[in-house]
Amino acid sequence: MNKKLIFFTPLFVLLGVCILLIAGLNQDPKKIASALIDKPVPEFYQANLHEPSQIVSPKEFPKQPFLLNVWGSWCGYCKEEHPLLIEIAKTLPIVGVDYRDNRQNGIKMLKRMGNPFILTIDDSHGELGLKLGVDGAPETYLVDENGVIRYRHSGLLDKETWQTVFLPKIEALKNK
């Protein structure tokens, strides 16, 4: 009896761990909600990408709904979504966070592809990304006029997601 218990206990523990791992792998990271939903953007003081002597904080954010877009010049999906951000910026302010990037590379990318951002934060060391809970770029946050995060999208922002997810949420914010 004791030998069976000694043999089967680790087997059941291993089986339980395997089930938990498989369940975790089946989760879509884009659907994992941020712990910051309905909370203010975390406090930070970081350099402006284009003017490193200028320190940026949430006090500089627009006083209307806006997007907070985490990107990097090294990120293929960031480059892919960039033309859509240029279009969105015509109707909605976007604040950019150049995440874990070389400052000069970020500036070169914006010169080459266009700059959709009203403000670009240099997060070359990832401090703001850590506070936001960023798990990779790109990530796009919808922030309300009070600086409160209302939605987080992890991964490529495409036209369909913009139209079916973001636009209704923005309309709801404007109508409240």
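Just so it is clear, glycine is given a Cβ too, placed from its N, Cα and C backbone atoms.
Keep in mind it's a predicted model, so treat the numbers as computed, not measured.
According to Swiss-Prot, the protein has these features:
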DISULFID  Cys75-Cys78  disulfide bond
DOMAIN    35-175  domain 'Thioredoxin'
TOPO_DOM  1-4  topological domain 'Cytoplasmic'
TOPO_DOM  26-176  topological domain 'Periplasmic'
TRANSMEM  5-25  transmembrane segment
Those residues of the chain, 6+ apart, with a Cβ under 8 Å from that of Cys78 (disulfide bond): Trp71, Gly72, Ala137, Pro138
Integer average pLDDT (0 to 100) for the topological domain 'Cytoplasmic' (1-4): 62
Set of same-chain residues at least 6 away whose C-beta sits under 8 angstroms from Cys75 (disulfide bond): Ala137, Pro138
